[in-house]
Structure formats: C-alpha cells, structure tokens
Amino acid sequence: MADTPHPDHSHDHDEHKNHDCHQEQEPHEHEEGEPYEAKSSPFDDGEHHDHKKHQDHDGNDTTVLMKERHAHPEDAHLVKGACCQHHEHGCGHPMKVDAPGSTKRPPPPGSKTQYTCPMHPEIVQDGPGTCPKCGMALEPMTISAEEEGEDTELADMSFRLYISALFGVPTLLLAMSEWIPGDPIAQFYDAQASGIVQFLLATPVVLYGAWPFFVRGWQSILHLSPNMFTLVSLGVGVAYVFSVAALFFEDYLPPQFRSDDGSVHVYFEAAAMIVVLVLVGQVIEIRARARTSDAIRSLLGLAPKIARKVDPDGGEHDVPLDDVQIGDQLRVRPGEKVPVDGEVVDGTSFVDESMVTGEPVPVEKQPGEPVTGGTVNGTGSFLMRAEKVGGDTVLSQIVRMVGDAQRSRAPVQNLVDKVASWFVPLVVVAAIVTFAVWATIGPEPKFAYALVNAVAVLIIACPCALGLATPMSIMVGVGRGAGAGVLIKNAEILQHMERVDTVVVDKTGTLTEGKPSLVAVVASDGVDETRLLTLVASLERQSEHPLGEAIVRGAKDRGLELLPVSDFSSTTGKGVRGVVDGKQVALGNRKMLEEVGADPEPLLGHAEQLRSEGQTAMLVSLDGKAAGLLGVADPIKESTPEAIELLHQAGVKVVMLTGDSRTTAEAVGRKLGIDQVVAEVLPDQKGEVVKKLQEEGRKVAMAGDGVNDAPALAQADVGVAMGTGTDVAMEAAGVTLVKGDLRGIVRARKLSRATMRNIRQNLFFAFVYNGAGVPIAAGVLYPVFGLLLSPMIASAAMSLSSVSVISNALRLRWVKL
C-alpha cells in the first residue's frame, strides 16, 4: 500500500519516509504551496511493517503464486541430463528453503518432499523422479545449508561409469587390435571369436550403463518431447543392434555392408565407448551444475546453528536456533555471528555485514539499532532482542528470492525454445539423409559407411548445450549478485537491466539519508532563538511528520524542555497551528502565515536563501506576527557522489525526482552533478515522468523506496528498491539493493551486462558447435580431405560441449562488481 501525504502541516520539503507503514498522510505544501510527499519505507526497521498480505493462515509465505502442479511419477535417481528444450513459460514454483542455521526436524508422518525440474519449473511432484520433457532428474524444492548425505544421482552415474569403463575399454582395445603393431590379439582370436568377446563385453555397458538413456529416450517419445537422450539412445541402439545382427545373422545382411574380404564389420566398441564418454560428460556436468547452487548454500550457511539466550534472571545458555522466539534476548559475543534479525538492547560493537550487503566496511551498532542475522560481530559484545526469526529473517528472504530468480526464464530463452523444439527432429532427419546419401554414392562398403556416419550425426548433436546456455548463466549470475547485495527478482529483469541508459532516482532516502535534521533557526528582531525553537518544537510534538520529528530532535539535542499545547490544528496544504504557553504559534508556508494575519514578506528572502542551500524552509509566526523561520536538511549519502560519477562513466543519464521546491531540488542537483531535475512532483506524477522518458526511446530504471514510488517502479523498465538490509520482501521492484546505496545500481548493471554477455557466448558456442558438428559428422570433409568423424569422437565432443557451457557460466562467480 502506498502511503499518501500527511495532513499535519505544510512544510517545504521533499518526500521523507515515515517509518510507520500504515499511517495515512495528506499532502503537505512547501513554502510556495508545493505539496509535500510523505513516504514510508518498505524496509522498516521496527515491528510495524505489515507482512500479513504475504502470508496464508498458517503463516507461510504466499507472495509468489504457484502454478498448477503436474505430477509425473517417473523412475527415481536417474541422472540429471542436459535439458534440451523448454516448452513452458512463466514463473516457476517458489523455492523452499530451510531457515538459515536451522537444524532440520523430522517431517510429519505422511509428508513428502516435493521435487521440480530446474529447466521446467512447472513440473512438480512428490518424491524424486525424472522430467518427462528433458529427462533431467528432478531436484528437491527444499534446500538446506548442508548436503543431505551422498548425492544419489552422482553416485549412481559414477558407478555406471565405472562398470561401463571396466567393460568398454577392453572392447575398444580388442576392436582396435589390428592397429597395434604385430596385432598380438589376432594370435588368440579369429574375427568371429573377437566379435563374440566384444559382444559379451559391450552388452553390460549398453544394457546397464546406458539404461538411463534408453529410459529417457523412450519417455521423450511418449511425451512427444524429443531431447538429447532421444539421440543418444538412437545412436547407441542402432550401433549395438546392427553389430548383433552382423555377428549372428551376417548372411541375412545386404552385400553393401560387406568389405572386400566379404566380412561385415561390427561396432560394439562404438556403442560401448559412446556410453562411456556420455557418462563421463554426465558426471562432470552433475558436479559442475552442483556448483551453481553454491551461492544459495553459502547464504544458508551464514547463520549459526545455536544462539546464546539470556534469561530474565540474567542467566545465559545456548539454545538451537530453531528455539529462538520473537522477544528473546540474546548475547552476541566477539567474533560470533548474529543469530537472527533484531535490535541492539545493550552494548556497542562493529558488525561485518558484507555477506549480506556486499559492503566490506564494518558498521557500528549501538542500542536501538538493527542487526541482521548471519552478519559477524567484531570485537565488542552486545545484547540484542530477537524481532524476526526462522523464515522471516532477511537472510531467509534473500535465499528465497535468489532461488526463485535462479529458476526463472529470460526472454532470450524464447528463441532458444523455438530452435530446440525443432532441433532433435531435424537431427534425426539429417541422420536419415546422411545414411541415404552415403548408401547411394559412398565408397564400398556403402551401407557400413552410411551407418557409421548416421550414428555420428545422431551422437554429435547436442541440444543440451542450447538448453543449458541461458539457465546456467542465470543461476550463477543471480547468485553472484546476491553475494554483492544485489537481489534480482527474475531473469527477465536481468536481461532488461543491461539496456538501461537512464536512471530515475527519488531524492529522499535514495540520494539522501532520509533522516532530516534541524540545521538552522533564524529569529526575527526581538525574538529569542531558543524561545522560538521551544515553542515550535512543542507544537511539532503533536505531529509524527518526519520534519516535525527533526525539529523535536533538534530541540531535545539542545537541552530544551517542551511545553504543553492546546487547540492544535492542521490545515492541508498550509501548515499547523496551536497555543503554546499562551501564545498563538503557526508554522508552515506563506499561506499559513497569511491565514493567521501575519505578513510573511520579511521572511521570504531568507527562506529562499536556505532553499538555495538545499534546506527546507518553514515560516513561523507568533501572535499573528512573523517571528522567524527554521531550516531542515536531509544530508546526502556519502556514497551518492561516487555512484553518480560511476553511472556517468557508464554513459547513463541520471534524473532526480522530488516533491521539493525547485530551488531546493536544483541546489541538490547542482551539488551532485545530476543531469536532469524534476521538482514539485506528486507521487502519482512520477509514473508519468518515467513514461515520458520511455516515449523518448530511453530504457529507464527507477530507484525508489517501493511504497509511494510503486507506480513509477512498475512503469519503469526496471524498478530498483533501495533497502536498508532489514526487509527484502519487495513486490513492485525487480531489483532490490540490500544496502540502500545507489552504487548498487552500478553493480546491478555490471552484473546484467556480464551475465547477458556470458549467455551470448554460450549460445554462440552452442549454435556454432551444432552448426559445424553435424555437417562434419555427416562427412562433408570426406570428399576434400578424406576425413570422417568416428562416433566415439562425436560422443566425446558432445559431452564436452555441455560441460564447456557450464564451465563458462561458472566464470560469473568471479566477475568484479
């Protein structure tokens, strides 16, 4: 819910955020009558933030709507193959995670872990199995910080590889014996005996080692979704079946299969070694793909497993993290990790928040300040009160957001899907054409050449490289961003961010600290400044407006004692008034002073001067006479000048939006080198400003607080929420910066460019590999160079192609942001 401005008074100030998300506010006006926009940060440090709309009756997070589940019970523990095509669109299912630091409890009787396909997240079922579309083994939707025992898939495929290599390598040596000087094996076996031994050795490889490939190949046909396993099972099956026929039914084969000596060659070694090499690729791929989840697993591992609880009587003892409840007081000793989100109650220390925000400099924490679970305490010790535990902590929300983003799909994937949907059928057609051409015009034995080359075409084609090109880069890129405090909502946002050439920023809380302070008290002749501030602060205490709070804090910092107020009233668009210590006090803009009969003219010149210095000026009258004015300023963040300079270096235009007066806004703009300043803007007008920039052909990223800026965030090509590291449950924005720092936009843009460049590299390699590999396997080089590609070499190339794509994606883990 976007807050509306507060009715209490009319201050000439920008859109300061109110820390109470639920207080409705009416427009304020500035000194010249410009409406003031009060905002409420979605990253509220307190306990007032309303999460109910994100939860169901059981308290579970239901922000992301789950699609209809389709159960496809398949064989369990089969290898996760390369996903070759993606038929479905839309978002996948939200990833479930154990709370960081959680010690897992036994599931309720009858409950089952749900599994989903990483490449087709719409596929969900209870229990393990295989994806009916791509053949990939389904993965559990619940993630824990530690590996839960041995990876059954890796163990299964490794064992199949061991058995296949044990029988496959001797098969190859036996078949290639004629290439060994002296052909020593021929002294013990004739051709028939050698063929039988090869058959005995190759059969376990094909029937056991390749069994997962045949299962997936058959499933792909049943589901009309041909994939990599369709091609592999066809290639291995054709080579093996033909070899069996050639060995035991040689007399029934056409003469075109016979060599000059009248024999028919067998290809058991090709069938066996194809299986071995594909299994090698699968094992390497499983290990490599497991590393793409390192980012989530490392985030989950940040929180400690125990916390030091302080009892009401002062006693301390360790408790499991799962037992920590909201309101518990916890002791955090030097060097320990903060167990949950909360607030410092006693003590001071410096806390390293780099693992959550990406900022390497430790942050000082004093009583009343928030701390985030998973961050590391420095040399001090402090007592904290737990405010968010379990799945509600910042760390849990980050993990959930990263997991969902990793399973999302980039628009570029649509093109890949279209290509992949036709890829396997085209390869099968190419293999048939290859066989026909070689059987017609090839050298003798024509059918033997035709068979070998057709099998090579089937084996070398790698739809997996196409299917993995985008998802692997997205998974690694999103994880890398999370480590730098940049949370990407989905892959589409990551793709759009690359093209952003204009950044629109909300002034308060984005460019500035969002915490206004009193910097000037100017009294008219004959009026005491201390007396003026006492009266005004007493009046302002009746309001919870951020500017009023700044004045009250300023008075208290000066040791002033506030007085009772009567007849308090607020006039929308003008200001506030009341009786303090017997005097009629009014505070606001020119209209307010004129309403109470005071002449504002003596104050306007000085007010303009304060605004030119970037301050908000408020006029004061006592008993119907102009008595002075107050200046409140919102300090610019230390990181803002550097961030704007980096954006300019990247060729990005920076536009500042503010509800403040033009004079004040332009003063801030000049100081920071902002390209364009749009002042006196109402909340509902920000979206129009963004739309106008888009109509000029610009790709716009809007950075704001995600509450009153929600329309503009939704209108922008990319919405960026500026957080404080205490709440990352953003809906309006596509990018959340855990640290409310504009430099995060620079990081997000670098991450987007690096990820999209990596995706293009992967797609280029995949298309070039398949575009060149299939014709070479078909024998196009034979007429010129006399070169043919062995099916075994084709299988090695196919296996390495998918591994190369994954390895290239893993380079994103070290991209400098």
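Every residue, even glycine, has its Cβ placed from backbone N, Cα and C.
Residues or ranges marked as region 'Disordered' by TrEMBL: 1-60 (among others).
According to TrEMBL, the compositional bias 'Basic and acidic residues' annotation covers 1-37 (among others).
Among the features that TrEMBL reports, compositional bias 'Basic and acidic residues' is placed at 45-60 (among others).
Look at TrEMBL and you will find 98-117 (among others) tagged as region 'Disordered'.
Among the features that TrEMBL reports, domain 'Heavy metal binding' is placed at 115-140.
The annotation transmembrane segment is assigned in TrEMBL to 159-176 (among others).
Within the chain, the transmembrane segment (196-215) has long-range Cβ neighbours (under 8 A, six or more residues past its boundaries) at 75, 78-79, 81, 130, 157, 160-161, 163-164, 167-168, 170-171, 174-175, 189, 229, 232-233, 236-237, 240, 243-244, 247, 266, 268-269, 271-272, 275-276, 278-279. The transmembrane segment feature in TrEMBL is assigned to 196-215 (among others).
Summarising the annotation, TrEMBL assigns transmembrane segment to 227-249 (among others).
Among the features that TrEMBL reports, transmembrane segment is placed at 264-284 (among others). Listed as Cβ neighbours of the transmembrane segment (264-284) (distance under 8 Å, sequence separation of 6 or more from its ends, same chain) are residues 79, 81, 154, 157-158, 160-161, 164-165, 167-169, 171-172, 174-176, 195, 198-199, 201-202, 205-206, 209-210, 213, 232, 235-236, 239-240, 242-243, 246-247, 250, 253, 257-258, 445, 448, 451-452, 455, 459, 790-792, 794-796, 798-800, 802-803.
Model confidence over the domain 'P-type ATPase A' (302-402) is summarised by a mean pLDDT of 88. Residues or ranges marked as domain 'P-type ATPase A' by TrEMBL: 302-402.
The annotation transmembrane segment is assigned in TrEMBL to 419-441 (among others). Listed as Cβ neighbours of the transmembrane segment (419-441) (distance under 8 Å, sequence separation of 6 or more from its ends, same chain) are residues 84-87, 226-228, 230-231, 234, 256, 447, 449-451, 453-455, 457-458, 461, 463, 466-467, 770, 774, 777-779.
The transmembrane segment annotation in TrEMBL covers 447-470 (among others).
Here TrEMBL flags 763-782 (among others) as transmembrane segment.
Marked as transmembrane segment by TrEMBL: 788-810 (among others). Panel annotation: around the transmembrane segment (788-810), residues 82, 172, 232, 235, 239, 267, 269-270, 273-274, 277-278, 280-282, 284-285, 288-289, 291-292, 449, 452-453, 455-457, 459-462, 464-465, 468-469, 472-473, 475-476, 758, 761-762, 765-766, 769, 773, 776-777, 779, 781-782 of the same chain, lying at least six beyond its termini, place a Cβ under 8 Å from a Cβ of the stretch.
Just going by CB pairs under 8 A, the stretch in 159-176, 447-470, 763-782 that sits most against the transmembrane segment (227-249) is 447-470.
Same-chain residues lying 6+ beyond the ends of the transmembrane segment (447-470) with a Cβ under 8 Å from its Cβ atoms: 81-86, 119, 134, 227-228, 231-232, 234-235, 238-239, 242, 254, 256-257, 259, 264-265, 267, 270, 274, 409-410, 412-413, 416, 419-420, 423-424, 427-428, 430-432, 434-439, 491, 759, 762-763, 765-767, 769-770, 773-774, 776-779, 788-791, 794-795, 797-798, 801-802, 804-806, 809.
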